[in-house]
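J.: Sharing a structure, written as structure tokens. Questions coming.
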Amino acid sequence: MNVPWGDLGTVLMAALFLGGGVIVLYAVGVRVLSPADADGESTGRPSPLRIAITSLCFAICGAAVGYGIYTLL
Amino acid sequence: MDTLVIVVIITALAFDFTNGFHDTANAMATSIATKALRPRVAVAISAVLNLVGAFLSVQVAKTISSGLVDDAQITPAVIFGGLVGAILWNLVTWLVGLPSSSSHALFGGLIGATWIAAGGDAVNFATVVTKVIIPAIASPIIAGAVAATGMFLLYTITRRAARRRTREGFRHGQVVSASLVSLAHGANDAQKTMGVITLVLITAGVLGVDSGPPLWVIFTSGLAIALGTYFGGWRIIRTVGHRLTKIEPQQGFAAETSAATVILASSHLGYPLSTTQVTSGAVIGSGVGKKLSEVKWGVAGRIAIAWGLTLPAAAAIGALAGRVAISGTAGVLIVAGVLVALATTFYLLSRRNKVDRHNVNDEPVSPPKPKPKPSVTSRYAR
């Protein structure tokens, strides 16, 4: 019996790095876009720099989604 | 085309329909539970993406049994028996609201029907272990590990962010990742029905050997799974969305992103895993990553039991149906009649405790506790 442990390990590592990477990048984007005071309330509109950093994070996540769709073809 | 071929094609499309409504929860249960999308909108988006996904690839459609059984032994009657086993197991698990794998149900049905028609030698048990049983154990663990890790990092990063804006941000992200799961589901699962119909057409001499699925087969398979998705398996959506763990948008995003990544990575490496098991594992993992005690382990245990039973139960039903079906056209019609009668019975039973888009997000009602009678001392105390 030839159990493909190597393939399962590859799936785990790929999912951990790619899935975890997208989650972290998106979380960073949301975090940067949501400055808060000590009570967790919004402190107003984010600065242009914050918007730019968030846009970059979301763009990379969007590219990852695009690559995911590409792998289906 | 003779009667048997037509009956098998209709039954294959019926299986595809049950596959759709059974698996709607995989993609959309978390988005519905967190109210990121209204229930009807969620199932409509999922249905359209399943239909689109069906047109993306036909690679899986070229082999329906994935080497689990000897394809040379598969006849239309055997396929019919296998489909009946898969449909009935899908309906039973839907009725009790348990997310089980439609692919494993189909494999189980085919194994049972082939075994009864051609003997045990026609079943590749080593392949069953390596392609079904080990992935069934590994896939929820992998998805759960990815979701738990992602959830832990996500909460650490956003702990001091503005709460309302954070929830909104993850709601949007959750819709995108759930949509990707829907697309991947359509691409993978609709192909199984295409493969079944194509093989029946080849064995009937309608298509040449090594033919791919014709356009009408691709379209009807995609349409059947999309319609099933649109009807929505609300019972299973309620279990995955509310009964496994309390889901917030952050968890929904982590679960669906992890599920999508695991499904796409495994498909890309040619190692298809069950979408249902991956998604359920990811939802549990997202609960573990937030707080271990938030997972309702009793419900998770019931789901695990259903996963363990799927292959043998569908195989037993498939064997029984296959045994009657291989006796001839009369046998096929008898099995078809029993299938319709049982499906109608399951539907009527589901109406007693109806779950639909109106009450899918209702909290489970626990029975009221009886009021304690005032004791003698408390009466004197007054």
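Cβ atoms here come from the backbone N, Cα and C positions, even for glycine.
Pulled these from TrEMBL:
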TRANSMEM  B:41-61  transmembrane segment
TRANSMEM  B:73-98  transmembrane segment
TRANSMEM  B:105-126  transmembrane segment
TRANSMEM  B:132-157  transmembrane segment
TRANSMEM  B:193-209  transmembrane segment
TRANSMEM  B:215-237  transmembrane segment
TRANSMEM  B:299-320  transmembrane segment
TRANSMEM  B:326-349  transmembrane segment
REGION    B:358-382  region 'Disordered'
J.: Is the count of Cβ pairs under 8 Å between the transmembrane segment (B:73-98) and the transmembrane segment (B:105-126), pairs 6 or more apart in sequence, 3 or more?
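T.: Counting Cβ pairs under 8 Å, at least 3, so yes.
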J.: Determine whether the transmembrane segment (B:105-126) and the transmembrane segment (B:299-320) share at least three Cβ pairs under 8 Å, counting only pairs 6 or more apart in sequence.
T.: yes
J.: I'd like to know if the transmembrane segment (B:215-237) touches the transmembrane segment (B:41-61) in this structure, counting it as a touch only when three or more C-beta pairs sit under 8 Å and are separated by 6 or more positions.
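T.: Checked: the transmembrane segment (B:41-61) vs the transmembrane segment (B:215-237), in contact.
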J.: Can you tell me which parts of the same chain pack against the transmembrane segment (B:326-349), counting only residues 6+ beyond its ends and a CB-CB cutoff under 8 A?
T.: 3-4, 7, 11, 75, 77-78, 80-81, 84, 87-88, 91-92, 94-95, 116-117
